[in-house]
Amino acid sequence: MDVNPTLLFLKVPAQNAISTTFPYTGDPPYSHGTGTGYTMDTVNRTHQYSEKGKWTTNTETGAPQLNPIDGPLPEDNEPSGYAQTDCVLEAMAFLEESHPGIFENSCLETMEVVQQTRVDRLTQGRQTYDWTLNRNQPAATALANTIEVFRSNGLTANESGRLIDFLKDVMESMDKEEMEITTHFQRKRRVRDNMTKKMVTQRTIGKKKQRVNKRSYLIRALTLNTMTKDAERGKLKRRAIATPGMQIRGFVYFVETLARSICEKLEQSGLPVGGNEKKAKLANVVRKMMTNSQDTELSFTITGDNTKWNENQNPRMFLAMITYITKNQPEWFRNVLSIAPIMFSNKMARLGKGYMFESKSMKLRTQIPAEMLASIDLKYFNESTRKKIEKIRPLLIDGTASLSPGMMMGMFNMLSTVLGVSILNLGQKRYTKTTYWWDGLQSSDDFALIVNAPNHEGIQAGVDRFYRTCKLVGINMSKKKSYINRTGTFEFTSFFYRYGFVANFSMELPSFGVSGINESADMSIGVTVIKNNMINNDLGPATAQMALQLFIKDYRYTYRCHRGDTQIQTRRSFELKKLWEQTRSKAGLLVSDGGPNLYNIRNLHIPEVCLKWELMDEDYQGRLCNPLNPFVSHKEIESVNNAVVMPAHGPAKSMEYDAVATTHSWIPKRNRSILNTSQRGILEDEQMYQKCCNLFEKFFPSSSYRRPVGISSMVEAMVSRARIDARIDFESGRIKKEEFAEIMKICSTIEELRRQK
């Protein structure tokens, strides 16, 4: 979608134009090939930042580990990970002193969550490292595989469906001398294709049992798989991100629940809120500093940037924080929460796919898997790769690298925010005991620092003190990348503040346009995005009207549904013209059927079908909203659907839009090519899982959805629910006697089959 940039500048104050300098139009860069190099960079850098720490060897896995905690105090400005335990604990104590009862209350809230969370919480989330197959899988499949393996190894606590019981199994699994797992393998054979008479390779999937000893199992359980982060704008170099396995995820979830609960109570925390709520929270802190800096005081703000936040954090520090936060709590609770940081202190980073070599002269390509990097002759690699491999070799075990210091990206966002806020908290006058004082905002690794003092020397002293205090807990403020301004102008988490937050509209640009789900959803999402931007992002009426016209144009080109009376020829125009001519009320045709656009900025909240319903010919209504229409594989749609929109910053957001089911709400069929690959068995498992969940949710509409607890299985729950519903429907006259009898018969048959099984 082309937007003429000059139109944007007609009446825009200069500071609002900041957003046009963002690299957010066009396609974002994606990574290709292997992430092995990026992962080695991360591992090597992390060790370099902590190089003066103490080396030890893990007695269970034999992995060499570097511990920088309480290491030497830094003498220069280089980033370092030498956090001092007593400093972290003191910062926690002061945080508690200024917020009485905060840790206590958060622990109570978390304890309640721990006792109620079901294990299916772990099915949320995208790709997950599946330790049974040693590669990434969708979260639900990885969880199912893990539970299946646990069950076949005699671990059954998780049958009750509580997450805490699954975690008990995880702990027990680590004590077992060996584990038996099922892995997939593929056989290839050449067969003649009946149709084309050519030879083709046919792949079949087998499952085989394999025994894993304690050491190998522990390595897998502690492994984080790595991938390259895609679609990152404004960077030349790609970087690696990690995805943990199922053993770690549950423990991390509880730690983050506790930290989230603390963050919600801290006014300086930019997490877990977002959007307008976050802006209001931030504006409060700024207002406080500006009103308190009376005429006698200066107030400056640093737009802060930290050097390699994750790689200088340390799981051992997080353990110290948790130990402090949960003091006086029951032993079991403290144990559950301390496991995540302990596992992270012993984590292993999987190096990914390895390297691809090709010989131009011989037209040969070969994959060097990560497992071989420990032993292969380095003469095949270029200079920089050779250096990386040499450096990482002492750390390698079975294609994974021991990575004790550092936290991989995105694992403990909430807890690290608590650490950051605890340093901001130390800026109160009662702690600094001088004329300067500070406050600020923290959101994961991003921060803004507001310093007040009677003169410039005081400001400088305040900044220096903040900088040095951060160093003591392993936070490295970058002097090169942070900049200071009079309070009133700064940037924080891509929000630009200039006497109030300026809408950074360019961030939303990627979400304008046609999503490509289907005609019905795309129309609805398109107008909802425009509506939301009018509400939240200062999208003015004239620009919104222009955006709407561009969207409709874009939509018509995408689905080739130009108006019935247009001159444009496409492969759909013949059908659409015919429909146009035989329709009495042409205004009633949907845009996707060649109708006119009736949207303007006043009615964006109404789904198109509803907007045009009164204008439609009766037979058109009948065809459009007919669930028995044989040409449509129909998808049942609740009144509200969720679309994934891509804002420019951060992860894809989920956005609600109104969904009215019509014959345009089709679902494209799955690409067949996956059916011939090694993923096929997994795909079938996944579909089975999906079908069961969908069926279950049909019986328990979300309003009355208490998951069955205790011994009853999903099937029993559904059968008993069906009987209750049928009786109510029969007694109220909604179903006939024969239908009631048939339902009862089916229920009995199902129970009979279960008994025979």
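The backbone N, Cα and C atoms fix where each Cβ goes, glycine too.
Taken straight from Swiss-Prot:
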type	residues	note
REGION	50-82	region 'Disordered'
COMPBIAS	55-64	compositional bias 'Polar residues'
MOTIF	187-195	motif 'Nuclear localization signal'
MOTIF	203-216	motif 'Nuclear localization signal'
REGION	249-256	region 'Promoter-binding site'
DOMAIN	286-483	domain 'RdRp catalytic'
Model confidence over the region 'Promoter-binding site' (249-256) (mean pLDDT, whole number):
97
What residues in the same chain, six or more past the boundaries of the region 'Promoter-binding site' (249-256), come closer than 8 Å to it by Cβ-Cβ distance?
110, 113-114, 117, 119, 121-122, 125, 128, 163, 166-167, 170, 318, 322, 336-337, 339-341, 343, 411-415
Could you give me three numbers for the compositional bias 'Polar residues' (55-64), the DSSP helix, strand and coil residue counts?
0 helix, 4 strand, 6 coil
